[in-house]
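Working notes, structure below.
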Amino acid sequence: MVASSRVLLVLDLALLAAVSCLAGTAAALSTEYYNKRCPSLQPTVRSAVARAVAADPNAGAAVLRLFFHDCFVNGCDASVLLDDGTAPGEKGAGPNANSLRGYEVIDAAKSAVEAACPGAVSCADVLAIAARDAVSLLGGPSWNVRMGRRDARSASRDAANANLPGPGSGLPALVAAFKAKGLSARDMTALSGVHTVGRARCAEFRGRVNANAGEAINATFAAGLRGACPAAGGADGALAPLDPVTPDAFDNGYFRALVERRGLLHSDQELFNGGSQDALVRKYASNGAAFFSDFAKAMVRMGNLAPAPGTPLEVRINCRRPN
Ligand code: HEM
Ligand SMILES: *[C@@H]1O[C@H](CO)[C@@H](O)[C@H](O)[C@H]1NC(C)=O
């Protein structure tokens with residue numbers, strides 16, 4: 001009897017392990033992970049991020065996008081931070097080239113952490129903490145970060161090109177891209193609320209603001225952007241805020257803009273264009289606390305995305321290259 005229940009327990013554990021692998025989540029992450037290994041970790045990262053945001057309000061947005069582009073490509077393993085090595089890295093992938101930035105903010109935080117706790121803390125955990133701090137420094141919610149991630153030894157440009165949704169995506173494609181990561185449509189809409197800060201380049205919204213028909217866009221808003229982003233081309237790098245209401249504050253201004261058809265990217269407006277997310281967008285637009293609460297939970301879920309079992313991992317000393 002004792003022996004057979006032990007066998008059952010082993011089977012249960014094996015099943016549990018199999019299920020958590022399928023979901024791509026790391027059961028091992030913990031808010032306590034560095035309590036003994038590096039007690040000064042969180043204040044150290046926070047001061048580095050605070051310095052960067054004080055010098056450039058856009059640094060917070062840069063760090064937030066880095067975290068998304070890390071976690072969606074082979075899990076949150078800091079692969080996005082690797083410079084090109086023998087294989088092409090993720091920095092040069094379509095969604096990242098000439099666009100993703102903020103690498104030096106993570107370098108500075110990691111150097112400060114290395115000085116305090118050499119070899120102890122992964123780049124992936126530094127990025128997860130920095131993303132949380134960026135949100136709270138810009139006026140958004142805070143949450144307890146779960147830690148214990150390790151860093152990849154290689155990156156995949158192909159995986160970055162395949163896994164990151166593009167700005168021309170319709171709602172079904174957006175829902176599918178998040179579902180492929182075990183995240184719900186609600187998580188997707190809440191996480192998109194990060195577009196309450198940051199900028200996009202004309203190249204990404206030219207089609208939308210110059211469309212003659214078939215694009216759900218506020219006519220006054222579109223007219224205001226055509227000067228800087230003309231249909232004729234050029235000005236690819238001209239920037240516009242993703243949230244025209246409060247461009248640098250982490251609040252629910254993005255959702256208020258969507259309700260007025262003032263989403264900057266086609267993919268933004270897809271969240272409020274007669275589909276399944278309309279009611280949730282209206283809710284977030286009128287209730288900032290509801291957005292903050294769902295957002296914090298969704299960031300924890302996105303932060304749980306783990307590299308595939310068997311991926312070689314380590315704690316990198318320099319976030320730009322394997323040890
Ligand atoms: C839902 C699908 C999403 C799509 C299609 C998308 C697409 C884009 C695009 C095209 C840009 C402009 C890049 C440029 O012009 O250089 C952008 C900017 C940005 N995205 Fe997203 N994004 C999505 C979700 C997210 C999520 C989930 C996050 C974070 C959790 C995020 C964070 C950011 C930030 C912070 C910026 C501004 C970056 C800056 O100012 O440097 N995005 N996004
Ligand atoms: C267009 O945007 C303006 C604010 O710039 C807003 O007052 C108006 O209601 C919007 N129009 C529509 C159709 O939502």
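Including glycine, each Cβ sits where the backbone N, Cα and C put it.
Remember, TrEMBL labels are computer predictions, not curated facts.
Per TrEMBL, the candidate among Thr196, Thr220 that belongs to the Ca(2+) 2 site alongside Asp243, Thr246, Asp251 is Thr196. Candidates considered were Cys123, Cys202, Cys229. The record in TrEMBL pairs Cys319 in a disulfide bond with Cys123. Of all the recorded positions in the record (His69, Cys71, Thr196, Cys202, Cys319), the one with the smallest CA separation from Asp77 (Ca(2+) 1 binding site) is Cys71.
Selection of the recorded positions Arg65, Asp70, Asp77, Ser79, Pro165, Asp251 by a Cβ distance under 6 Å from ligand 1 yields, in sequence order, Arg65, Pro165. Counting other Cβ atoms within 10 Å of each Cβ, the binding-site residues Ser79, Thr196, Thr246 show the lowest value at Thr246. With every protein chain in view, the residue among the binding-site residues Asp70, Glu90, Asp243 whose Cβ has the most Cβ partners within 10 Å turns out to be Asp70. Annotation: His69 are the recorded positions among Arg65, His69, Cys71, Cys76, Cys117, His195 whose CA atoms are within 10 angstroms of the CA of Glu90 (Ca(2+) 1 binding site).
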